[in-house]
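Residues or ranges marked as domain 'Glutamine amidotransferase type-1' by Swiss-Prot: 1-189. Annotation comment: Swiss-Prot describes Cys78 as active site, nucleophile. Sequence annotations record features per position, and here Swiss-Prot assigns active site to His163, Glu165. What Swiss-Prot records for 190-383 is domain 'GMPS ATP-PPase'. The feature ATP binding site is assigned by Swiss-Prot to Ser217, Gly218, Gly219, Val220, Asp221, Ser222, Thr223.
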Amino acid sequence: MILVLDFGSQYTQLIARRLRERGIYTEIVPFFESIENIQKKAPKGLILSGGPASVYAKDAYKPSGKIFDLNVPILGICYGMQYLVDFFGGVVVGANEQEFGKAVLEITQNSVIFEGVKIKSLVWMSHMDKVIELPKGFTTLAKSPNSPHCAIENGKIFGLQFHPEVVQSEEGGKILENFALLVCGCEKTWGMQHFAQREIARLKEKIANAKVLCAVSGGVDSTVVATLLHRAIKDNLIAVFVDHGLLRKNEKERVQAMFKDLKIPLNTIDAKEVFLSKLKGVSEPELKRKIIGETFIEVFEKEAKKHHLKGKIEFLAQGTLYPDVIESVSVKGPSKVIKTHHNVGGLPEWMDFKLIEPLRELFKDEVRLLGKELGVSQDFLMRHPFPGPGLAVRILGEISESKIKRLQEADFIFIEELKKANLYDKVWQAFCVLLNVNSVGVMGDNRTYENAICLRAVNASDGMTASFSFLEHSFLEKVSNRITNEVSGINRVVYDITSKPPGTIEWE
């Protein structure tokens, strides 16, 4: 295993993802993790991530110096390299010419870490400081136009001023793999087939004959959780799907068909009337979310109680992912937690269930691979993200059944046309937003005053940042024509060309 010490870089999770893609199990912990906990994990190597601080600042992030007593190879990336230089007596200063974006890396000396790597390649830079003097015993391995010491080495300690984990670094994945395999002696043992076998065995042992309650949303995470649990405990899984009336067109039927194919019993609750009555007259986005969250818990509790009376439920399953676990601990210290993640928060006290989180070691892309391994259809696994509150946050203003129907039909047309044009898998997320704006139009000889709808399509890797998708005008024209002709109550279609930032992907 490789252990990454996180110093607050926006790219830290990418380090683990790049190594895992290559079959090398990798975990992330905050830089202040105790040496005792690090020793317990028994890593074969450490990677020190980048970060926003400067090593010469008073409040610079610094791990325990005892990491150097572990006698394992260490790789410092960006800030991590600067920390190594500073710790061993070199000099780091603010750079006159800061480096952000692509740069050409030129290898000047052979090293095991550059085995099979091109002499010159593009790398991704993101730093305001630079090393001007190496510590005693260190050697320069590579340079860039503005960084004379772009890669350094001293025995089994390495430093890279660039970010090998970012896709723009052409040879970055190979460099990380060389460190893990050739320097640390790791083996390629990580993969979803191995994970599935191990996790099913673990779940069987932990749950035994107890019952597990699992809320199914129709999304990828909850579907994969339910599938994995069913493989382990069969009919002791109680899967509950709440239809709140704010789903995409034909969503309920699609989820039911999927679970039927997977041979997993599904308890479907039709709660449309309950949700819509509570949302009546509400237009404020956060209040919508709050009402939907609270109502979901009420409906879920009622259903859980029915099953609880039939036979005691001992566990509650959640689709917590590894990024949720990482983000629950801030690099600023235990007292400054970024956020605590609960997929189903605010459950009543009588639901004193033990929590079970089968996916807590996995990234989103790994969840999809696991789903494929478990037999979930590829078409289902590659669906675009869908918000928990559903179409409620895609209808601006007050919600009504007629507005839901209007949005469902328009959204269905947009997605259908994306698939026909082989564009669906090329955009990260696409959907329609029903605006609380009416506009004047003309249909035949008649004046209309109807809803406007907005098409939204973005490209992203993880949703943290996103750029709007460049869709051909002819494609947009086709979608617009279909919506205005086929969906009653819509006479205008617009396309959102806002990126994130400054906008968010969803409108509410």
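Cβ coordinates come from backbone N, Cα and C, glycine included.
Everything Swiss-Prot records as a feature, shown here on the structure.
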{"residue": "Cys78", "record": "active site, nucleophile", "CB count, 10 Å": "26"}
{"residue": "His163", "record": "active site", "CB count, 10 Å": "24"}
{"residue": "Glu165", "record": "active site", "CB count, 10 Å": "28"}
{"residue": "Ser217", "record": "ATP binding site", "CB count, 10 Å": "20"}
{"residue": "Gly218", "record": "ATP binding site", "CB count, 10 Å": "22"}
{"residue": "Gly219", "record": "ATP binding site", "CB count, 10 Å": "17"}
{"residue": "Val220", "record": "ATP binding site", "CB count, 10 Å": "21"}
{"residue": "Asp221", "record": "ATP binding site", "CB count, 10 Å": "20"}
{"residue": "Ser222", "record": "ATP binding site", "CB count, 10 Å": "21"}
{"residue": "Thr223", "record": "ATP binding site", "CB count, 10 Å": "27"}
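Excluding the listed site residues Ser217, Gly218, Gly219, Val220, Asp221, Ser222, Thr223, the same chain places Val216, Val224, Val225, Gly319 with Cβ atoms within 8 Å of the centre of the ATP site Cβ atoms.
Summarised as a single figure, the pLDDT of the domain 'Glutamine amidotransferase type-1' (1-189) averages 93. Comparing CA positions across the active-site residues Cys78, His163, Glu165, the one lying closest to Asp221 (ATP binding site) turns out to be Glu165. A distance of 34 Å separates the Cα atom of Thr223 (ATP binding site) from that of His163 (active site). Here the candidates are the active-site residues Cys78, His163, Glu165, and by Cα distance the one nearest Gly218 (ATP binding site) turns out to be Glu165. Only His163, of the recorded positions His163, Ser217, Gly219, Val220, Ser222, have a C-alpha within 10 angstroms of the C-alpha of Cys78 (active site, nucleophile). In the three-state DSSP assignment, the secondary structure recorded for Val220 (ATP binding site) is helix. Of all the binding-site residues listed here (Ser217, Gly219, Val220, Ser222), Val220 has the Cα closest to the Cα of Glu165 (active site). Taking only the Cα positions, the spacing between Ser217 (ATP binding site) and His163 (active site) is 37 angstrom. Of all the binding-site residues in the list Gly219, Val220, Ser222, the shortest Cα-Cα distance to His163 (active site) is found for Val220.
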